[in-house]
Amino acid sequence: MSKSKTKTDKRNQSSLSRIKLSALHYCMSDAEPSIAYLQDNSAFINNEWHNLVLEKIFPVYNPSTEEDITQVSEKSQHDSTEEDITQVSEKSQHDDDKAVVDISERGRLLNILADLIERDRDILAAIEHLDNGKPFDEAYLLDLASVLKELRYTAGWADKLHGTLRFAITIPTFQDLRFLRYTRHEPVGVCGEIIPWNIPLLMYIWKIGPALAAGNTVVLKPEELTPLTALTVATLIKEAGFPPGVVNVVSGYGPTAGAACLSHKDNDKLAFTGSTLVGKVVMKAAAKSNLKKVTLELGGKSPMIVFIDADLDWAVENAHFGVFFNQGQCCIAQSRITVHESIYDEIVERDLEKAKKQVLGNPFESDTRYGPQILKIEFDSIPRLINSAKAEGAKVLCGGGRDDSCVGYYIQPTVFADVTDEMRIAKEEIFGPVITISRFKSVDEAIKRVDNTKYGLAAYVFTKDKAIRISAALKAGTVWVNCVHVASYQIPFGGNKNSGMGRELGEYGLE
């Protein structure tokens, strides 16, 4: 049995390696929609490609090699195209000849898009690997799988969004006249959507899927450093048969292209995933322009509480997957771990042993599970936060800086012990591969301390018999019990406090 499984695993690994090489070769060719093709086509408007103001170009680089892989041009408020992008989207929204207004057609088109993404799964994974730096296997097996599940789930909702009907409403003051009362669910309109750089393709689908299922049109701006999968999927939008103007994608920087999206008075809704600092800018812009509806998924400083009755091996395994997944560049990463004092030393020892086994290297290699930081600015800022923890008395068990053995933006997997709540590293979002471990004495103390933060995106509880009580007490949008990052697209996701407002995914995300 074990030999058969080993042979199967080797065949699967060999097959995935061939897929990787083929996809990478295609991405670097001149074919549509290869990276070279996107260099001259940086905006997708009204189902047509536009090359924007050529003087406004910016590079897209591979963070694992620090080399530029292409460049794209920027859309700004002063660029002139055939029609204003938002006006194109608004016109499509109200055009009865557009197939997207038919609820059954919406679901059909979304399912076709899912089929096309599955067909090009290897190419999209390779592009995500190149401009995001994440291991190819992770992009192919995890990100693309999640993309397909979310898109097909959302497609199923398209013809099930309807209002309610009430008959025979009697109003005595009007001589017992009987009235018909009903509600309608109508599309919001034009949705301006801005996605982040850490998981760009999945966030793209989180944004456009529900918007299109509900009958809206979209103007989407990807992060300027990771725009390639968003632009690539735009070609599939057209191939799937979506009418012109339903989905529009523009590249560019936040203060220019992003600001244009935020301030446009014909945009009816804003959906933003990113930092809390920028989220507040989004709120102000929405209020200043036309009081747009806003959904914000912002930063986090998620806690993980390990109680004495927890399965310690499982807790440590999940702690490392959750924090080191995507090199810590995940808003729900549980970088703030607090452990009951009676098991503190054992957890620290196991964490250290696990962290030392992390494999850094070329994210295109199959045995690599740990890639580079995506942004140079994060690569520079994370060591400063690590150094502040050292200065404040936290104990570095392993890591603690850049990894000079690799070319690229690599930070060593880092574990801190003896962390107190007053330290910067216990309060600020790191967005890097850093675990902090502290101890607690009682249940009430643990709850009080982990809730003492401005964030409220996620929390994690590892216990056998305290799950309901603890999860109900924590002020977080999502609480995972004895697991981490388990995705379910039927369940809403979003944050409390400075971690955002509104919900994505599930039925709530469509509302």
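The backbone N, Cα and C atoms fix where each Cβ goes, glycine too.
Here Swiss-Prot flags 1-21 as transit peptide.
Residues or ranges marked as region 'Disordered' by Swiss-Prot: 72-92.
Residues or ranges marked as active site, proton acceptor by Swiss-Prot: Glu297. Note on Glu297 (active site, proton acceptor): other Cβ atoms within 10 Å of its Cβ, all shown chains, come to 27.
What Swiss-Prot lists as active site, nucleophile is Cys331. The Cβ of Cys331 (active site, nucleophile) lies under 8 Å from the Cβ of Asn198, Thr273, Glu297, Leu298, Gly299, Gly300, Glu429, Leu457, Ala458, Ser499, each on the same chain and at least six residues away in sequence. Secondary structure from DSSP puts Cys331 (active site, nucleophile) in coil.
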